[in-house]
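If you check TrEMBL, you get these features:
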type	residues	note
BINDING	Cys145, Ala146, Ala147, Pro148, Gly149, Ser150, Lys151, Asp179, Asp206, Asp233	S-adenosyl-L-methionine binding site
COMPBIAS	423-434	compositional bias 'Basic and acidic residues'
COMPBIAS	466-475	compositional bias 'Acidic residues'
COMPBIAS	476-498	compositional bias 'Basic and acidic residues'
COMPBIAS	507-522	compositional bias 'Basic and acidic residues'
COMPBIAS	759-777	compositional bias 'Basic and acidic residues'
COMPBIAS	803-812	compositional bias 'Low complexity'
DOMAIN	23-386	domain 'SAM-dependent MTase RsmB/NOP-type'
REGION	395-550	region 'Disordered'
REGION	759-812	region 'Disordered'
Amino acid sequence: MFIHSSLPLFGQELIPEQEWDQFMSILRQPLPSTFRITGTRHVATAVRECLQQTFFLELSKALQGAGGQGEELAPPTPLPWYPDQLAWYVPLSKAFIRKSPDVSKFHRFLVDESDQGNISRQEAVSMIPPLVLDVLPHHKVLDMCAAPGSKTAQLIEMIHANDERTPSPLPSGVVVANDADNKRCYMLVHQAKRLKSPCFMVTNHDASVFPVLYHHDEHDVRCPLYYDRVLCDVPCSGDGTLRKNPTIWRSWNPALGAGLHRLQLRILNRGLELLQPGGRLVYSTCSLNPVENEAVLATILQLCRGAVELVDVSDQLPGLRTIPGMTSWKVMKKKMEWVSDTKPSSSTLFPPDPSLLPQLNLHRCVRVLPHHQDTGGFFIAVLCKSDWLPWQRRPRDSEGATATSSSCEETAPRPSVLEGEEGGGRGGEEREKPSVLMDETGGKEGEGCGEENGEPSVLVGNEEEKGGEEEGGEEGGERRRVLTGEKGGDGEKERGEGRPSGLTASEDEKERGEGAGEKAADNDGEGGGTTSRPGTAILGRPGHRHGKKGRVYREDPYVFLTDDSPVLQLIQSYYGLGDAFPSSQLLTRSVAGKKRNVYLTSRLVKELLQRNELHVKFINVGVKVLARCDNRTASCPFRICQEGIESLVPFISANRLSLTLDDLLLVLREPNPLSTGLAPPTQETLSHMGVGPALFEYTPDRSKEDTRTLYDHPIYLSGWVARKSVRLYVDKKYRCHYLAMLGHEPPQTMCLASVSGRRDCDSEEGRGGEGGGGKEEGDVESGVEEKKGEVELEEGGNGGTGEAVAGEELRT
């Protein structure tokens, strides 16, 4: 392994001398596996008990002698700082778990539970930012650089924290997950889809110029949306991921951190502009380099002039070992030489004046070092916004209504560091960059990592962003995005954090009716416009595209069902959906033709979608709740989708079939058991039901049922009632999950072929999912565009035989 003696950590005094050998030793070891259990679901306790009672015993045997030379590794243990023992540490590498036959059952369980959203395989340090963000169900949350989505999944989980304690399954909050890379947005959709939330939306924008979303307040006045919580997990050089990305040892150079510095400044600046006063923002990187961390924060804090301050969260997660932020650091030249202290320090890369340190409180930042708790390296800073930023217009209330831009007043003058500068943004005139960046770091800002705009040519994102997903949500490998040469969906090249592939500036503005990039950055619109934003000499310029003419951004339409829609009337009548059901929040993805899939959104998601569709690139919203499954004898062609069943259950009053424990085990094991094999009460209920889709439910009765089951909550399943049999619209992974929770070991193989011999929902080696009807023209499965090499989805309807035939979802 190549280790450069001039690696910045040697000279920053970040690692105490007595810990250096331990630090270097841990970097040579593979990163252990960690995962967390989705704690807001009632299944969380059952999953944890199943792991402890069944799979950890298997692991304990496999760990004997796995450490080499007869050394026995420590057993799986809960992370001491994660609440309720819902995050676990396994001292085995990801590769060992995936390949070793000794832990094959454990690996299979992790994969199955990950696909259902009950478990997320995630690096330990990656779990920290959402925890300190302190999200509540009513919060409006923005994840600025979200892909591939493990932290986003945590945020969605927190939005639904009260689902078990409130009658409504639709929280009032929302998670807006954004990423600049169009392809990675679909990876983000796949990750977040596991959480089955109607309060979630994916956008595709440059985070540094993220557009303002508008909504109407309680007085029906149009106003900009400000967020209660913002997560800025910004792109970074990734030197904290050396344990899982060993190529960084060879590819690292000081230009990476210096080139990313301006991009990180712009993203953090934009996040603070969109943050509601009183709100909280978390800035995080998987880099230990202070140029990408404290230097960024020190610059922003000085610009904000007291409107933003760092929050001390060092004691918020007891058991997590951290070190405080740095107040002094050095800057390295391109040729691995430290910049002399006698050089001028006008650049934002350098430490602030010592007289400002008491005001900045940089010691409130926290670092996680790899050798302290066998993790990766990470940096976290929590900021609280107490007032509007100095360059933002201050909304004034008029008769209780939010002010518009015409009733806003300018506040403090621009920061002194910006004197003599014009307003920032792409439209302004480019100013000369500070000479210290051009001389002392060995070249222009971003040299070796970009061209004119100072964007890096190779970009390593945070922790799980280093790699794609693997087997149902596991992130691994190294994420390296060549910003000057990556091809989009149309073969075009794109640059920096600019527009998604296939989009040019002129076409984007023409299609959207307004510039979603520059205009959003320079003017927050009504009630939130900017007066004198920091100039380009401080923040640099956002990336932009060069090259051939690209395609206009296109997504299939979002069409909400109206009260007079025949589809809606049929669904309401068949399932007995009462007045409390939010039928106005159902949508489809096509204007004409048969409606194949129906999605549910929260009220706020619907409003944001309808009021911003012309200038915001929405990739995905809501959760799929119904899918077409045509049958000649069925009363309703729409069946319930398992992924959205929890959102529908409180409102369904008709076509519900209660099962006993024996009935449940039978339908889970068999593809389409005969009705005569069910309990007499179940048969009696079936005699009054016609052919068609139904909601199957099981409610445990501890006084009568088998007390060996781990599950003491109701189970809801999508099913079909035929003339002489019943069937689940549930894939193999769901079946195995419920069998395990009920205390029954799932079979090694499970053939779900119907009595006619037709292959239905899953196969022994297939990766199944529930399907409905065939795709309608122009429809996109839950917003996931079918792309070669990405996520492919295929649905098939039944043959109109009176027996239910489930579709199949395949991922390639």
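Quick reminder: no glycine exception, Cβ is built from N, Cα and C everywhere.
As a whole number, the greatest separation of Cα atoms within the S-adenosyl-L-methionine-binding residue list Cys145, Ala146, Ala147, Pro148, Gly149, Ser150, Lys151, Asp179, Asp206, Asp233 is 20 Å.
Counting every protein chain shown, the number of other Cβ atoms lying within 10 Å of the Cβ of Lys151 (S-adenosyl-L-methionine binding site) is 29. Ranked by Cβ neighbours within 10 A across all protein chains shown, the binding-site residues Cys145, Ala147 are led by Ala147.
Minimal Cβ crowding within 10 Å, among the binding-site residues Gly149, Asp206, is found at Asp206.
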